[in-house]
Amino acid sequence: VNPITHYKQYPPNVSKIYSYFECRCKKGSPFNEVVFFGLQYLLKKYLTGAVVTEEKIQQAKVFYQMHFRQTVFDEDGWRKILEKYDGRLPIRIKAVPEGRVVPRGNVLFTVENTDPEFFWLTNYVETMLVQMWYPITVATVSREFKKILAKHLRASSGSIEGLDTRLHDFGYRGVSSQESAALGGAAHLVNFCSTDTVAGLLMAQRYYSCPMAGFSIPAAEHSTIISWGRSREKEAFEQMLEQFPTSPVSVVSDSYDIFKACKHIWGDKLKDRVMERSEDSCLVIRPDSGDPTETLLQVIQILEECFGSSVNSMGYKLLPSYLRIIQGDGIDLGSIEQKLRDEGWSSENVFFGCGSALLQKINRDTLNCAFKCSYVENNGQGMDVYKLPMTDPSKGSKKGQLTLSRNSDGLLETLEKGVGKPEEDLLVKVFENGSLLQDYSLEEIRRKAQLTEEDEVAPPRHNGEHKGSGGGLHILNGQH
Amino acid sequence: SACMGPASPLCAFVPQVTHYKQYPPNTSKVYSYFECRETRTEPTKNRKVKYDKTVFYGLQYILHKYLKGKVVTPEKIQEAKEVYREHFQDDVFNEKGWNYILEKYDGHLPIEIKAVPEGSVIPRGNVLFTVESTDPECYWLTNWVETILVQIWYPITVATNSREQKKILAKFLLETSGNLTGLELKLHDFGYRGVSSQETAGIGASAHLVNFKGTDTVAGIGVIKKYYGTKDPVPGFSVPAAEHSTITAWGKDHEKDAFEHIIKQFPNVPVSIVSDSYDIYNACEKIWGEDLRSLIVSRSADAPLVVRPDSGDPLDTVLKVLEILGKKFPPTENSLGYRVLPPYIRVIQGDGVDINTLQEIVEGLKEQKWSIENISFGSGGALLQKLTRDLLNCSFKCSYVVTNGLGVNVFKDPVADPNKRSKKGRLSLHRTQSGHFVTLEEGKGDLEEYGVDLLHTVFQNGKIVKTYTFDDVRDNAKLKDTEKEELLK
């Protein structure tokens with residue numbers, strides 16, 4: 001719904017509109033807690049400073065006249081912002097510090113107008129701020145993947161060393177725009193530091209003070225293999241080893257026949273060259289078709305036959321350190337990790353790449369993100385407001401002014417109706433009257449979002465029924 | 001870092017950075033193409049909607065915004081070099097290659113892109129555009145621009161999915177009313193808050209407007225005006241609409257006051273009022289149906305009240321709302337025997353609408369003898385966000401290279417997945433005598449047996465050489481008479 005006409009719809013004499021954002025609870029959802037991330041980007045890019053100009057007012061006026069086929073644009077209202085505040089927005093935003101992990105159903109940020117004349121502004125910035133669903137959801141999903149990987153890595157190798165390079169962002173070509181790539185890419189980097197989405201690195205640099213948030217290795221793609229011609233796949237592979245002698249190198253090997261490539265080319269014709277490599281310059285073989293789990297298991301078996309394996313301190317098999325695998329095609333992370341272990345293989349052998357499942361196959365309903373009005377002031381009188389549709393009570397919203405605090409059990413909870421104590425409120429003022437008041441760095445965000453011991457050991461507490469060994473994370477197969 | 005932002009092609013997909021070292025030595029040309037692959041084998045999931053054809057749209061935006069003109073400067077090259085050195089912990093960036101482009105072409109990209117006209121509706125499995133390097137030194141450039149070009153999957157998928165919904169609406173509107181009046185306003189874009197970024201909002205919304213004219217995602221109009229242009233002042237429209245906050249801000253016991261105030265604010269245009277904040281059925285029966293009835297019946301057919309439910313099972317809720325409104329505002333029967341509410345009152349369903357539920361709802365309405373004239377739809381996440389590159393199997397693949405002066409047709413053909421096989425050689429798109437589309441591979445289009453190549457050069461060495469207006473796009477994408485006939489079978 002377009003907010004342009006809303007200034008006419010509120011009660012007369014309304015002087016304050018206070019709204020909040022949450023990821024509503026939903027029964028049966030596999031996600032119980034969310035990572036708060038991305039607000040700083042939106043604030044810096046779109047809301048800070050003098051965002052209202054005469055030129056924009058004129059453009060909007062003309063445009064909305066045609067779009068609505070009548071005059072509905074509140075020209076006077078916007079001009080008053082220009083005159084009174086030099087175009088800076090008289091609103092106040094309080095938010096959970098970025099990187100914080102918060103259980104579903106809690107307030108994450110609040111927005112209110114600071115000048116009674118501009119009550120309509122709260123709702124106006126809503127549409128943009130609701131897009132917070134995206135970086136929050138990417139960061140959350142990425143962290144849930146991290147939990148799965150941590151669990152299996154620790155169980156099969158004894159430690160979680162190298163955890164933050166185990167899930168590589170391949171999502172650039174599958175997102176809907178450059179801006180989404182940047183924002184989604186940065187959100188993944190809250191939890192990991194391997195990425196092919198350069199835009200995310202630049203976003204982290206520009207908006208979160210991180211000079212280099214992620215790393216990668218030289219990688220082949222189908223075009224660089226098939227351009228040698230069908231009969232010269234070996235030469236194409238060899239070129240990769242020669243061109244990149246001192247760093248790990250990833251080589252997609254399924255252009256024609258992944259199994260033959262592993263057995264006859266890597267495992268035979270180029271075997272010596274592969275064995276020359278060290279752990280720091282390992283060959284990472286990439287399958288990219290067929291059933292992900294089956295293919296992975298077959299590939300690892302073929303490689304074992306050709307190169308042998310050793311057993312680590314936890315009793316799991318390891319390929320030689322110069323050889324690893326990266327599986328980047330349509331994976332169900334939990335089930336593939338489990339199968340690997342069932343077959344006696346350590347998680348150290350396999351890296352994962354994640355594309356659209358990380359950056360695109362999600363939506364605002366994944367975490368039920370919602371922005372709702374909870375408190376208004378009319379004639380100076382405060383009133384708690386809410387919606388509660390009898391057709392779907394899960395869509396009900398919170399009432400009144402909200403705070404986020406720790407209860408006596410140490411758990412985070414949201415207090416409604418203004419009963420919370422300001423000094424216990426974990427929400428921090430981040431924006432007021434056009435100025436940014438906090439500047440979080442990716443480094444502190446990463447610290448806050450780190451996995452705790454609890455995350456690895458205890459399975460996530462579910463709101464609803466427990467769904468099987470994978471923990472219910474079917475997002476990678478598009479079901480959610 | 002300002003100069004390297006996402007708008008620069010230097011900001012690539014990381015694998016491309018090192019590809020210049022991976023091609024066969026003495027490669028002087030790399031030629032790639034884009035298609036929405038067919039799935040030739042049985043899909044594991046039985047999709048209800050087939051998406052046999054796709055709408056080609058969005059290339060012009062990418063060309064204008066990211067590829068045309070001078071895209072590299074010495075500063076950008078320097079910065080890219082530093083970023084990639086840190087990222088790879090190694091010097092792998094092709095500084096020499098980019099400097100060559102800077103010096104010889106003043107930073108313009110020596111590539112040629114040929115494409116099907118925008119708005120064209122083409123069956124799956126056909127080439128839609130091709131990209132090739134035009135300078136032997138810049139063979140690696142084709143692949144470099146791939147990532148940015150492959151993002152065309154998004155506008156193509158939004159436009160295609162939107163058009164399939166248009167067909168569903170057209171069928172049922174025709175069957176229940178006898179004509180297609182108002183079709184273009186039957187599916188309204190509610191997707192702004194559900195997309196992943198502002199930029200996505202603009203692209204996606206514009207793609208929906210290829211087929212429809214109702215939108216609340218204003219950014220789409222900006223994209224159309226800036227990158228395509230229309231003869232009309234604006235390509236999309238909206239109506240004043242309430243939101244929960246503008247109702248709940250009045251307090252729980254004042255829903256009627258809220259409704260009354262809003263409906264009076266907008267006497268001469270349609271006004272949409274969300275009515276489920278507390279109890280949709282009570283709102284319809286008591287408030288709209290009794291308390292405020294007189295305000296509604298005095299409205300004209302050009303300015304109806306549009307009642308908006310927003311929760312509960314979509315079909316059940318819509319049917320129940322129509323029944324209740326029907327009791328309070330008795331419908332008439334149209335020439336085909338379907339019930340139509342009086343012209344001053346309508347319904348819009350904007351919750352949980354995707355291509356599947358849309359089909360269910362219109363079927364359900366028809367079955368209960370309600371005309372589709374009574375209702376319009378809004379769609380948000382499903383229209384603009386709940387889509388992926390896999391829906392239409394959008395894919396960019398290399399099909400031809402020149403190495404040591406010899407052209408070689410190349411392709412991938414993974415043993416475990418024949419669906420992922422790619423096309424070979426130089427490609428062209430033709431129409432057969434019977435009007436079907438066919439893609440010719442391996443340069444066979446040169447033989448001229450199939451007539452003219454439908455791919456036109458749109459971009460050459462940094463310049464956009466052919467453009468389409470949004471009116472062209474809409475014209476190419478409109479429902480054909482043959483399609484309308486098919487719908488009624």
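Placement of Cβ uses the backbone N, Cα and C atoms for every residue, glycine included.
Look at TrEMBL and you will find B:16-113 tagged as domain 'Nicotinamide phosphoribosyltransferase N-terminal'. Residues or ranges marked as domain 'Nicotinate/nicotinamide phosphoribosyltransferase' by TrEMBL: B:186-462. Per TrEMBL, the feature diphosphate binding site maps to B:R193, B:H244, B:R308. Residues or ranges marked as beta-nicotinamide D-ribonucleotide binding site by TrEMBL: B:D216, B:R308, B:P309, B:D310, B:G350, B:D351, B:G381, B:R389.
Positions of TrEMBL features highlighted on the structure.
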residue : record                                          : DSSP (3 states)
B:R193  : diphosphate binding site                        : helix
B:D216  : beta-nicotinamide D-ribonucleotide binding site : coil
B:H244  : diphosphate binding site                        : helix
B:R308  : diphosphate binding site                        : strand
B:G350  : beta-nicotinamide D-ribonucleotide binding site : coil
B:G381  : beta-nicotinamide D-ribonucleotide binding site : helix
B:R389  : beta-nicotinamide D-ribonucleotide binding site : coil
Exercise for the section: Could you tally the C-beta atoms, other than its own, that fall within 10 angstroms of the C-beta of B:R308 (diphosphate binding site)? Expected result: 24
Exercise for the section: Take the C-alpha atoms of B:D310 (beta-nicotinamide D-ribonucleotide binding site) and B:R193 (diphosphate binding site) and report the distance between them in angstrom, rounded. Expected result: 15
Exercise for the section: Please work out the number of neighbouring Cβ atoms within 10 Å of the Cβ of B:R389 (beta-nicotinamide D-ribonucleotide binding site), leaving out its own Cβ. Expected result: 24
Practice task
Check the Cα-Cα distances from B:R389 (beta-nicotinamide D-ribonucleotide binding site) to the binding-site residues B:R193, B:H244, B:R308 and tell me which is shortest.
Solution key: B:R193
Exercise for the section: Provide the three-state DSSP residue tally for the domain 'Nicotinamide phosphoribosyltransferase N-terminal' (B:16-113): helix first, then strand, then coil. Expected result: 40 helix, 16 strand, 42 coil
Problem - Recorded beta-nicotinamide D-ribonucleotide binding residues, B:D216, B:R308, B:P309, B:D310, B:G350, B:D351, B:G381, B:R389 - maximal Cα separation rounded to whole Å - result: 32
Problem - Nearest of the binding-site residues (B:R193, B:H244, B:R308) to B:G350 (beta-nicotinamide D-ribonucleotide binding site) - Cα to Cα - result: B:R308
Practice task
Restricting to the same chain and to sequence separations of six or more, state which residues have a Cβ under 8 Å from that of B:G381 (beta-nicotinamide D-ribonucleotide binding site).
Solution key: B:G191, B:G194
Exercise for the section: Go through the binding-site residues B:R193, B:R308, B:D351 for me and flag any whose C-beta is under 8 angstroms from a C-beta on chain A. Expected result: B:R193
Exercise for the section: Pop the Cα-Cα gap between B:D216 (beta-nicotinamide D-ribonucleotide binding site) and B:R308 (diphosphate binding site) into the table, whole Å please. Expected result: 15
Completion exercise
Expressed in Å to no decimal places, the gap between the Cα atoms of B:H244 (diphosphate binding site) and B:P309 (beta-nicotinamide D-ribonucleotide binding site) is 11
